[in-house]
């Protein structure tokens, strides 16, 4: 049995380190990297099990360019919604593999802590529960895994919390205090759940690891790149310069636009996401924050 992680960024590297503890695991990306167990894309696609840790915005293009369906079993470890199409990652993968052949990984998990082998709990979601159990069995003891079948709920939580983390970073950057941040996160959880209900998700997904757990982690720590984007926006830095300086992908930026478009199409009330997008477009963080503080629901 051979596993390959596709994507050699921080998260992909952390997953590779964890999975190689007990299994024959490789790592690959489009560009040659000086990493242990690095293999070419062609070699990686020969593995029976694939873990995708690519940027959500680049996933479709990568699959079109490189993927050859050989019956591989797939774990989607990326978190985001494609901005251009407003499609979730499972919808993108359905163009390439049957739904029985993939699962989604979610939950509170900073790459740095996984690489330190600190205790972590993750959720694996899929309609093929046997495949979920199989992927769960690959992880080492310091990573506790749970399984369920709420794929869309897990994806919405994983994507939405990144936008809320930006909002939380803005709040902290403006030094509005712990009370304001707690209010923002709790109202954000309600907003995220309200959005998710339109897609037939389960309430418990939003209250568990995929939802509340990942949100609380990502929205309260400088280890979160999305939270750091919010901190810098609060200092009146321009988004383009923030992202250039970050030199990493902050999934919450593109995802915010996608959520806003989906919410408008379906008539879903998403005030926090709307204000974050407005800030991206030039609205002052002070005005946007005041608008949120005045919201009644």
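Even glycines carry a Cβ here, placed using N, Cα and C.
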Further binder of NADPH named by Swiss-Prot next to 11, 33, 111, 225, 249, 251, taken from the candidates 64, 79, 281, 283: 79
Co-listed sn-glycerol 3-phosphate-binding residue [Swiss-Prot; alongside 79, 107, 109, 214, 224, 225, 226] among 20, 161, 294: 161
Length of the line joining the Cα atoms of residue 79 (NADPH binding site) and residue 226 (sn-glycerol 3-phosphate binding site), in Å: 12
Candidate with sparsest Cβ neighbourhood (10 Å radius) among 214, 251, the listed binding-site residues: 251
Other C-beta atoms that fall within 10 angstroms of the C-beta of residue 161 (active site, proton acceptor): 32
Largest CA-to-CA spread of NADPH binders 11, 33, 79, 111, 225, 249, 251, angstrom: 23
